[in-house]
Amino acid sequence: MEYTYQYSWIIPFISLPIPILIGVGLLLFPTATKNLRRLWSFPSILLLSIVMIFAVYLSIDQINTSYIYQYVWSWTINNDFSLELGYFIDPLTCIMAILITTVGIMVLIYSDNYMSHDQGYLRFFAYMSLFNTSMLGLVTSSNLIQIYIFWELVGMCSYLLIGFWFTRPTAANACQKAFVTNRVGDFGLLLGILGLYWTTGSFEFRDLFQIFNNLIDNNEVNFLFLTLCAVLLFAGAVAKSAQFPLHVWLPDAMEGPTPISALIHAATMVAAGIFLVARLLPLFIAIPYIMNLIALIGIITVLFGATLALAQKDIKRSLAYSTMSQLGYMMLALGMGSYQAALFHLITHAYSKALLFLGSGSIIHSMESVVGYSPDKSQNMVLMGGLTKHVPITKNAFLLGTLSLCGVPPLACFWSKDEILNDSWLYSPIFAIIACSTAGLTAFYMFRIYLLTFDGHLNLYCKNYSGKTNNSLYSISLWGKEGSKIIKKNFPFFSLLTMNNKERSSFWMKKTTYPFNSNVTKKMRPFVSSPHFSTKNTFYYPYESENTMLFPMFVLSLFTLFVGVIGSPFTQFNQEAIDLNILDKWLTPSINLLHESSKDSENWYEFVKNATFSVTIAFFGIFIASFFYKPTYSSLQNLNFRNSFVKSFTKNFFFEKIINIIYNWSYNRGYIDTFYRISLIGGIRILAELTYFFDRRIIDGITNAVGILNFFVAESIKYVGGGRISSYILLYLVYLVIFILVIYFVFF
């Protein structure tokens, strides 16, 4: 087995030939490479599958033996400094490697069809393979220098993929925003690494932790300086994992292709920050203030992300804020010292969120057949609805991911989120109340997404009926330019919806006002098939995606169903003590500051109590979302109750004002972007204008003033002479005599 560990260094580099070969092929044989572009997906998937098999093999050995392996090559630069490069294989490395490869394979299979008509197909697969290579290099790194190198490569790949359609201004701006925001965190990370090396003299994790603890125990170092270094290290994770207040890049990152959104949110970019904190947790534990800061940032992000997701119209942005909130749960767990719960939620959330993003990609793909390539419309949930009958397989997969993220048993996220909620009660009741309340908000906004997308009828052709703004429908190319294909929308659907047969014949002859009929379902079919409508408009409807897009969703659905078993509290299956808690054995020895000496009976009691409470909150959130967003005509039996509630609710202006405040808060992203735009961007522009004024008016003014002064002096002097040489000689002699006399009387 040790022979296998010796060759583990190859794990990050197995997928590296793909971007190299694509680049060489486009450089030397561009025509042939482009003609055979669909063949490049197979080696990409094959090589990543080899990495997955390798990682699974190592993980099985980790579970059975808890063996930790580190190999280091030392490069001595001089007598005082040597650079060590190597790889580190432990349970955290294996967990992340399996997560990256399994999600990455599903995304690559999905992307083969999703990106098949895109001009940048080859570029996309080159970026994706480089992305997987960078992330695998990050998780196998044995020291902080390697971490930082691969950290920057992960960031670079994410910027390239966020701005993949770089000719679209929104995509280019999103790429710049992600770059600038992460520069803040990455600069802090670099300073923290240098500060730790200056203090401990080592970059290696094992040596670093031991030296760090010895310095603190013996009071041989400035504790304030160590705290500052730890804060700077944590700043890198805050930016990369979209934690408050450096979260602003994450929603805009949805401008990239949907498959890369799934990979970024599940297993790569945002997971890198959680991995860094988990890797450095022994260091952070030695500084209690940092642990409290991590927990505080986590709980703020949990609540902040959930509230911002409440009123989003874009399906991908809604899921992005959901990711932000769930990452906050992981950071909260790490801050509480619940290492296993954080990694467990990282695993379950990765598969659930990958399923949701691939499902949203299937929805967007189907909507593009109706509205064309227009992200403002194909991703707008207001224009969706009624997709259940058009994309039933996608609907079932999306529902499974939604229920999992809501925390409904026995799906994956229920087990991990409930463990975090249980630990939060032991850490701080205030944090626990916020975390549990946010669990209800999560159920609310996730079912809001589901109901707006799949329930009711397609709102695209019902905009007059549903009160939506009547926007012109146009298509734009894959490169962001408006096309000339216009879908005419002159058909007054609301009026036609409520006509009887006699009124239809005179529809074009006179203008009539018609009463509203709430039973829309009966009126929908004639609108599509009745021969009485003499209109030139052709209405298209979404359709289910192809099998190559549905297969990854099916596999991720299986993960969402069963992956929660590896960390469930069912430690014994029967009298023979079959242990199902694989994660507990996998992460041995595990860090848990809240359960150092707890018994199974106490754990069971806490689990049942908190599980009942959290599931109740989740179902309450689902009920509220169903009450407000489930179409009236699909639940007519509750119509009288709902009408009476709405009437009594609208009379209370206080509640109406609160709802408006919450909506504005969510729709305007918590005003954080506005604050940054005014304070940072506006402040920098004011500083630039002041600098420009100082440079042009003061610096250039002084220089120009000297030149102008010389000009006027020269103009004045030129009129002193009369143009006669004898006068000049006489004047020169007079000045010379005066000069000699002055020198004589002064020095002699």
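Just so you know, glycine gets a Cβ as well, placed from its N, Cα and C.
The transmembrane segment annotation in Swiss-Prot covers 9-29, 40-60, 89-109, 125-145, 147-167, 185-205, 219-239, 280-300, 354-374, 396-416, 425-445, 728-748 (among others), and the record cites sequence analysis as its basis.
Sequence-distant neighbours of the transmembrane segment (185-205) (same chain, 6+ residues past either end, Cβ-Cβ under 8 Å): 72, 84, 88, 142-145, 147-148, 151-152, 155, 211-212, 215, 221, 225-226, 228-240, 246, 276, 279. By the Cβ criterion (under 8 Å, sequence separation of 6 or more), the transmembrane segment (280-300) is not in contact with the transmembrane segment (354-374), since fewer than 3 such pairs are found. The transmembrane segment (9-29) makes contact with the transmembrane segment (125-145): 3 or more of their CB pairs lie within 8 A, with pairs spaced 6 or more apart in sequence. The listed stretches are 89-109, 396-416, 728-748; of these, 396-416 has the most Cβ pairs under 8 Å to the transmembrane segment (354-374). Below 8 A, the CB atoms of the transmembrane segment (40-60) and the transmembrane segment (125-145) form 3+ pairs separated by six or more positions in the chain. Under 8 Å from some Cβ of the transmembrane segment (396-416) lie the Cβ atoms of residues 322, 326, 341, 344-345, 347-349, 351-353, 355-356, 358-360, 363, 439, 442-443, 446-447, 449-450, 453-454, 550, 553-554, 556-557, 559-564, 567-569, 611, 614-615, 618-619, 621-622, all in the same chain and six or more residues away from its ends. Beyond its flanks by at least six residues, the transmembrane segment (219-239) meets 151, 181-182, 184-186, 188-189, 191-193, 195-196, 199, 212, 246, 272-274, 276-277, 280, 283-284, 287, 289-290, 293-294, 297, 331 of its own chain at Cβ-Cβ distances under 8 Å.
If you look at the transmembrane segment (125-145), the same-chain residues 6 or more away from its ends with a CB under 8 A from one of its CBs are 8-9, 11-13, 15-16, 18-19, 22-23, 40-41, 44, 47-48, 51, 70-72, 83-89, 92-93, 96-97, 100-101, 104, 107-108, 111, 151, 153-154, 156-158, 160-161, 164, 193, 196-197, 203-205, 208, 260, 263, 267-268, 271-272, 275.
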